[in-house]
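Features reported for this protein in Swiss-Prot:
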DOMAIN    47-349  domain 'AB hydrolase-1'
ACT_SITE  153  active site, nucleophile
BINDING   221, 345  substrate binding site
ACT_SITE  311  active site
ACT_SITE  344  active site
């Protein structure tokens, strides 16, 4: 554990609610939400910021869970004393999405009627449902209006949804490396990942036991991880170099890297959750052009939209489309395209320019 600039040891908390009526009419009961908080809520409760995570993220956005942790939370470079999301000024909340597998209600949760994990019996969850659950959590903390909702990738979709579903519940919205709806290509990559899981002999219609479809999930992660990097970054990192070690498994270093990413992912994620969350991504749509402008028309908050030059999963054009529609709807929006060779994952990585942009947006509300 390296405490330099960190907020230190953090405990994951759990909030339970009686029920949540989902968009499709299903009732999820009870509902558990895993979350973490950083900083102190002001007496007027006007300094709260909600951070929304991406597909494979969780509630652990900053700090450490124990002194033996080797790595801090996934956005520790941006959350903490004096950082972009300054815990000396703001009360930061990050929760695991429902449908996920890091403590919130999802396929791994115990079905109250069977006393066994839901598995594929868990109801379909949408981005809208994820946001509904977050709203329950925020209200339970006594917060009527968030100072900001921020997120990258899938987290950016959640932030967008907050702005239109609860327009009077946030003052600022930060959308990074995201989109208002998936293109056919983006859906295609997710479908390949899902099919890899479904074709695993251990899938068992989503009602698997401890012998889970690890091979299928690893392949899904390998496919997904390709889209998180850029061509330049892969060329720089791997080129056409041979792998180290067993050359029978793969001919190139990039293949060895992807195999490692897949194998390590299955130890921290659930195959059902991967299917549920990617389907939520694919089904989310605010439309295009006039339809998108209309969808954003009731938003009242200020927006910051950030894209990355080398992001080919959610390319800058999709961010510019959001910006164009916000401007057409006469909303206050600031747009930045950061030059980065890191691909889609750029929003997760430490970048002095990004730190400056986020901090400046939050500290200068006018």
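From the backbone N, Cα and C atoms, a Cβ is placed for every residue, glycine too.
Here the features listed in Swiss-Prot are painted onto the structure.
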{"residue": "153", "record": "active site, nucleophile", "contacts (Cβ under 8 Å, 6+ apart)": "54, 55, 176, 177, 178, 314, 344, 347"}
{"residue": "221", "record": "substrate binding site", "contacts (Cβ under 8 Å, 6+ apart)": "193, 261, 262, 265, 266, 269"}
{"residue": "311", "record": "active site", "contacts (Cβ under 8 Å, 6+ apart)": "177, 230, 340, 343, 344, 346"}
{"residue": "345", "record": "substrate binding site", "contacts (Cβ under 8 Å, 6+ apart)": "228, 229"}
So how many other Cβ atoms are close to residue 344 (active site), meaning within 10 Å of its Cβ?
25
Simplified DSSP label at residue 344 (active site) comes out helix
What kind of secondary structure is residue 221 (substrate binding site) part of, going by DSSP in three states?
helix
